[in-house]
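According to TrEMBL, the features are:
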DOMAIN    B:71-262  domain 'ABC transmembrane type-1'
TRANSMEM  B:12-33  transmembrane segment
TRANSMEM  B:75-96  transmembrane segment
TRANSMEM  B:108-130  transmembrane segment
TRANSMEM  B:142-162  transmembrane segment
TRANSMEM  B:183-208  transmembrane segment
TRANSMEM  B:241-262  transmembrane segment
Amino acid sequence: MPWLFIAPITLLHLVVVVGPSVAGMYYSLTEWSGIGQAEFVGLDNFRELFFEDRNFLLALRHNLMWLAFFLTVPFVMALAVAALLAQVRIGSMAIRTAFFIPYVLPSVVVASIWRMLLDPRLGFGVALENWGIKGLAYPYLGDKNTALAAIAFVDNWHWWGFLMILFLTAMQSIPSDLYDAAKIDGANRWQEFLHVTLPGIRPTIFFMLMMTAIWSFLVFDYVWILTHGGPAGSSEMLATYLYKQAFQRFEAGYGAAIGITMSAIAGIMATIFVFFRRRGWDV
Amino acid sequence: MFKRKGKSNLILNYVILLLLVCLALGPILVLFFNSLKSFNDLGTNPIGLPRVVLIENYVNAWVQGEFATTLTNSLIYVVFTVAGVLVLGGMAAYSLARLDPPGDNLYLVYMLTLSTIPFWLYVIPLFIMWRNLGLLDTRAGLIIMYIAFNSPFAIFLLRSFLMSLSRDFEDAARVDGANEWQVMTRVVIPIMWPAFLTVGLVVGLGVWSEFQAALIFLQRDELMPVTTSYYNFTQRFGRDWSLTSAGAVMMIAPVLMLFLALQRQFVTGLTQGGIKL
């Protein structure tokens, strides 16, 4: 009887997620267009990926750069602003609301907004020129040296406020007598932040670092919408490369191999974090 | 900024916070201003207030972007996904929290693992299976996927909400002779509305904004949700920013209104696990 209630959703999961995941592992070992018979080729796809496919290695590099960006910039911004916001009372709720709003916007809208603002002829750079600040009108998304950074900036614009709210919520559950004790010991606000606030929200920071590490290898929306991985592959990511291989060039087997690789890297990232946690970084 | 004590230095806090509030809200205001500008106005004045307010942009975008169809589609995807998640996920959560099935802890671990499997691992076989089953490029096909993606979160949230409730009412109903089905429908469901609302908002927002699965699994224009349809619209009218901005405002207006009205539920739900980059 109890399992009858659980069965429907479990069956749905098995069909949509678990079954295809297992099938994906098999197809990664085949040469297959997605139609007809898949031809078993062993580890050929992986050999090609890691030793011959420069586009794949480039995409992997971009995901690693993305990881480095998202493990630092949003965390520093979110921690600093949460600490500032935790001290103010008047207007605090309104400010929180404002920071949260970008997070509820769909990726297509966020991308649309920033495609306008980052435009070299009509963007914010031109507006600043009218105010006398020159040199910022630039085709950020159209230059292969800046495209990836511009996409990361846009994604972070919609993301960091949410991270900040998470940290702020965690900070508010720190018992206030810890702060009182720190004050009695003569701690200044910086020392309070370092020795009371940061340890108090460490579980939240840790968890979000881990999730960021996983997500950084799966990012698709902002890259696809803003640049399609271009110009000249300069913002190609594993997910956009998989999409192109599987759904535009009909290399289903090769695409599946990229999918496995992405998932394996994300899994390794999660494992590293769990390992450190067990080793006494405790939460 | 942490070093000095006293109230006066909160001014610095406010200055920094307000600058960042401008960074968060300014771009959304620019979108709104641009949605009201004429093509020529936008060409010479891309950031500032509109010189002449042009409501026709909304009419044009509504017609040319087929927003009547796509907003309806998105609403259909949201309603059916939320309903499916609440019914199927709710049943599972109820069983896990109340009926004590053997092996429930193992099942929770399984569910947690499951919810971390990346979309890109299974998307290709799923696509091919959906094609073979005739579910590719259909509303039902997308809704089934959305229910599967969103239910782990729903099960965890509903289960923990149920665990926090006392069993006294249910036991009283049983003493009065109610069977298990009656206990669930007459006693448990009525007190679970706050949790249903939270799950509904988080899942609804996720489906309303969803892009990658809709991009891959739908080809027919008349089935597209507002996100992928709007994306195609911006590709077609790339330089006509007043038109695309008006379309974007129409897409986000219902979300923003709902968010401002039910902010507390949104924030609680999203911070409890509906987290996406």
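The backbone N, Cα and C atoms fix where each Cβ goes, glycine too.
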At a threshold of under 8 Å on Cβ distances, which of B:75-96, B:142-162, B:183-208, B:241-262 pairs most often with the transmembrane segment (B:12-33)? B:241-262
With the cut-off at Cβ under 8 Å and a gap of six or more residues from its ends, the chain residues touching the transmembrane segment (B:183-208) are 74, 77-78, 81-82, 85-86, 89-90, 94, 98, 146, 150, 153-154, 157-158, 161-162, 165, 169-170, 173-174, 225-227, 255, 258, 262, 265-266, 268-270, 272, 274, 276
Other same-chain positions with a Cβ less than 8 Å from the transmembrane segment (B:241-262) and lying at least 6 residues past its termini are 31-32, 34-39, 41-42, 46, 54, 57-58, 60-62, 64-65, 67, 71, 197, 201, 205, 208-209, 226-227, 230, 233-234
